Amino acid sequence: MERLIPPTPSLKGTLRVPGDKSVTHRGLMLGALAQGESTLYYPLKAGDTLSTAQVMRQLGAEITEQGQHFHIKGVGLRLKEPGDVLDCGNAGTLMRLVAGLLSGQETFAVLTGDASLRRRPMGRVTLPLRQMGARIEGRENGQLAPLAIRGGGLRGIHYELPVASAQVKSALLLAGLFAEEDTEVVEPAPTRDHTERVFRHYGLPIEVEGRLIRTRRAEPFAAKDLTVPGDFSSAAFFIVAALITPDSEVTLEGVGLNPTRTGLLTVLKEMGADLSWEVTEGQDGEPVGWIRARSSQLRGVVVDPQLIPLMVDEVPILAAAAAWAAGETYIPGLEELRVKESDRVAAIAKNLQNLGVPVEAGPDWLRIRGGHVAGGGLVEPFHDHRIAMAFAVCGLPKGVTVQDAEWASISFPSFWEDLERLAGKK
Ligand code: S3P
């Protein structure tokens, strides 16, 4: 579906973004593993997390929709052998985390996904999970899905992560719940710590010493309700939309402000953004609060590569902000962006070119010369929800056409409606 966005003179209002995708995946998985019944409040109900609900149902959990929420009846650590292939759709988090869970189970299961997910690197989880004792086969010797997993009999390992990836860390921690002896993971740089926080919420074993995270075999644990905060990654689109659109002020409420997710705020502040935020509550272990963004004249910056793991999903929307900034923005440390839902370095460069923005791309960097966005450009999402939304925002002030706009529903089904409401069209 193609979507024509007319030039937007102003954005005004307050928005509560949908639930956090990462926390929803983890809430569904741990609720499914727990013993007894619980409610996952305000989860994200979108393509990726509905795939997780379906996979956990196939593994024996009872998951039903209860209004906005999910009611979950867990299996008490013993998952059922699935009767069919498990389809992870577009969700890398689902495939990698559930590979960890299945490694701990005496079952046989096959994981597959859509064309994008079947191209994404799985060796980063299959290699350490095999070291723990799981038997895993897959295309290219376990580098690519479909993956076939027969788990059980795991032993803990000490593993230094070769990449800063919360998905790999989480896969090993989940497998570690079923392993003899301790499982230790060392991160090269801090990444989102939702798994550690959710483990604490359920009283599961978890110790953090700097970059080292340790867990061990778990006893059956009691189900417990969990409330999901608003997704900072979804809020990010509206933050930047308000900054680059004249005469705008947008307030986001109930947003997760976990410091391992908010690197974008640091960079936007450095760019001169009129931005404020406050943590107002701690919700089941996650800091939550509000963010307010007003129209700003941004300036280009050199981004600290250390911040990239703390804003790994926000690079497309940062590129959109850079397109409107005076001067040049240089973003290094982007090697992981090449293996996301699309090759995001290439997809960002192509969409900036489509919008008339001078850009250079290297193997792991982007250089963007701001201040030259043309009206009436074309956004090509490359089957990637965040590329669709980021460049729709980039084109918003002058008008833009978005191809395959339905991709937004992978993580943010109400995105287009929310945008129209803040633009005063609804
Ligand atoms: C996620 C981790 C990140 C992120 C993804 C969600 C998670 O992936 O890009 O959208 O929920 O753990 P990597 O672990 O590949 O960096």
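Easy rule for this one: first residue shown is 1, then count along the chain.
Every residue gets a Cβ built from N, Cα and C, even glycine.
The domain 'Enolpyruvate transferase' feature in TrEMBL is assigned to 10-419.
In sequence order, Gly92, Thr93, Arg96, Leu97, Val125 are the residues of the chain that are 6 or more apart from Gln167 (3-phosphoshikimate binding site) and have a CB within less than 8 Å of its CB. Positions annotated as 3-phosphoshikimate binding site by TrEMBL: Lys21, Ser22, Arg26, Ser165, Gln167, Asp313, Lys340.
Residues or ranges marked as phosphoenolpyruvate binding site in TrEMBL: Lys21, Gly92, Arg120, Gln167, Arg344, Arg386. Residue density at Arg120 (phosphoenolpyruvate binding site): 18 other Cβ atoms are found within 10 A of its Cβ, drawing on all protein chains shown.
DSSP classifies Asp313 (3-phosphoshikimate binding site) as helix under the three-state reduction. Feature annotation from TrEMBL assigns active site, proton acceptor to Asp313.
In the three-state DSSP scheme, Ser22 (3-phosphoshikimate binding site) is classed as helix. The shortest Cα-Cα distance from Arg344 (phosphoenolpyruvate binding site) to any of the binding-site residues (Ser22, Arg26, Asp313) is found for Asp313. Taking each Cβ in turn and tallying the other Cβ atoms within 10 Å, the top scorer among the binding-site residues Ser22, Ser165 is Ser22. In the structure as shown, the Cβ atom of Lys340 (3-phosphoshikimate binding site) sits within 10 Å of 20 other Cβ atoms. Mean pLDDT for the domain 'Enolpyruvate transferase' (10-419) in this predicted model: 98.
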